[in-house]
Amino acid sequence: MRSDMIKKGFDKAPHRSLLKATGLKDEDFDKPFIAICNSFIEIIPGHKHLNEFGKLVKEAVRAAGMVPFEFNTIGVDDGIAMGHIGMRYSLPSREIIADSVETVVNAHWFDGMICIPNCDKITPGMMMAALRINIPTVFVSGGPMAAGKTSKGDVVDLSSVFEGVGAYQSGKISEEELKDIEDHGCPSCGSCSGMFTANSMNCLCEVLGLALPGNGSILAIDPRREELIKQAAEKLKILIERDIKPRDIVTEEAIDDAFALDMAMGGSTNTVLHTLALAQEAGLDYDMNRIDAVSRRVPHLCKVSPASNWHMEDIDRAGGISAILKEMSRKEGVLHLDRITATGQTLRENIAHAEIKDKEVIHSLENPHSEEGGLRILKGNLAKDGAVIKSGATEVKRFEGPCVIFNSQDEALAGIMLGKVKKGDVVVIRYEGPRGGPGMPEMLAPTSAIAGMGLGADVALLTDGRFSGASRGISVGHISPEAAAGGTIALLEQGDIVCIDVEERLLEVRVSDEELGKRKKEWKRPEPKVKTGWLGRYAQMVTSANTGAVLKIPNFD
């Protein structure tokens, strides 16, 4: 066993002595050592209940004849961090999480790992670590929260609360109505109830094969979560015995299938960023062109909030992720069904008995929302390395208008609230990319303000930053190269005409190459916003969004 490095041989007597101080007995040194990578943190509702989850996981691991050791990672709540400097720490926290898991697991030579993530950057951070460490691993997420209901009976979620702020600001609702939405938008523990980033990544974890069937949709408060925990321990023991590791599971074909599910569900645009980062950790050459190819062959089968009033509990009731995959499998060339997963079985075997139980929630292949996926990759002179739009969250397929330019999210939000943006405008928020932000903050506050003011179909928003999974409307993010790297977005001037064509996958500014070249010569890179601490180091090492915004190790040659 891998853990023999710290527990076998006369020279490991000091190691065993220390381990006995934790409560181990001599017989435990013949069992696999299992890392329980938890992410319990009280300020995040999606993680507040994970302390109890950790106890259940440890019980299940012991029952399976293995020895559990629990530790916790950090976490950032994107909703609470939204709209202020805290959001700059969100994406960088993914790297800290990956590094901390790598540190604990490799320093102590664990034989296997069970990861308990849930929210936005915690799930991909742990997934990156699992691929980097490459020991048998199973994921059991904390599960989504239920949707809420106002006193009037309206179904609401966190997106409703953010949009309520814009609606109140523009006089569309009263302060009492906003308070009602606030009080009921997040009714329980769990990841926010729509197809936002957390749930998108937990669903993708399931189809990638790192998590068990049901992981993406079973609610946090559902007793079936406890059954998943028991299964996870049993399956991990099988993976250890068969030496099946994350890199055996997360192949190029598995990533194809993850994006296929993403397209079928219209997941968060952040999934592109995180899954490209996973590919980097797995040593795979996977780029945005391949994502676009997946998008072209996968129909959009279900719309979940913010694209509709359906939530993860509805997906679960309608058959869950397995039912969506089973329906997708009817179309030739969409899924790779014979690859191995964390169950020890193939994807085909995992979904064999699944079925759609409500075709209003999960559409059939014969009745898709659209013939192509709910995410699109756009390219053009404004995004030579690509940009992403959640096409399933807007009915507008082509938009052309003049730029209204802001050099930060704070500046943009203030301008929107002061009425500086009008119908037909293209709002540009730049210098908010991985390096420029730094940290590529999410733009949920500006998009929610636009939607709440009733301009969601009449104003477009472009950024080199990110969008929350709760964002909707004509929102194009991840523009690469970013402004801080001298991308075309940095060269835009007030009033330039921008064209967004979702069907043709184009993002263009109506300015000649000659004029853009002239502007590039005159452009000067702004001083970094942060030069010290973690964010200062992050800004120096982070790569572009089109490669997952991972950290690049300096070349010391």
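Placed from the backbone N, Cα and C atoms, the Cβ positions cover glycine too.
The Mg(2+) binding site annotation in Swiss-Prot covers Asp78, Asp120, Lys121, Glu442. Asp78 (Mg(2+) binding site) falls within a helix when secondary structure is assigned with DSSP.
Around Cys192 ([2Fe-2S] cluster binding site), taking its Cβ as the centre, 31 other Cβ atoms fall within 10 Å, counting all chains. Swiss-Prot lists Cys119, Cys192 with the feature [2Fe-2S] cluster binding site.
What Swiss-Prot lists as N6-carboxylysine is Lys121. Cβ neighbour count for Lys121 (Mg(2+) binding site) (all protein chains, 10 Å cutoff from its Cβ): 28.
What Swiss-Prot records for Ser468 is active site, proton acceptor. Long-range C-beta contacts of Ser468 (active site, proton acceptor), restricted to its own chain and to partners at least six residues apart, with a cutoff below 8 Å, comprise Asp78, Met82, Phe196, Thr197, Ser268, Asn270, Glu442, Met443, Leu444, Thr447.
Note: the Cα of Lys121 (Mg(2+) binding site) and the Cα of Cys192 ([2Fe-2S] cluster binding site) are spaced 14 Å from each other. Cα separation, Asp120 (Mg(2+) binding site) to Cys192 ([2Fe-2S] cluster binding site), rounded: 10 Å. The Cβ of Cys119 ([2Fe-2S] cluster binding site) has Ser39, Ile44, Gly46, His47, Gly75, Asp77, Asp78, Gly142, Ser191, Ala198 as same-chain neighbours under 8 Å, each 6 or more residues away in sequence.
The Cβ of Glu442 (Mg(2+) binding site) has 32 other Cβ atoms within 10 Å, all protein chains considered. Of all the binding-site residues listed (Asp78, Asp120), Asp120 sits in the most crowded Cβ setting, with the most other Cβ atoms within 10 Å.
Apart from Asp78, Asp120, Lys121, Glu442, the residues listed for Mg(2+), the same chain places the Cβ atoms of Val76, Ala81, Met87, Ser90, Leu91, Cys119, Thr197, Ala198, Asn270, Ser468 within 8 Å of the centroid of those Cβ atoms.
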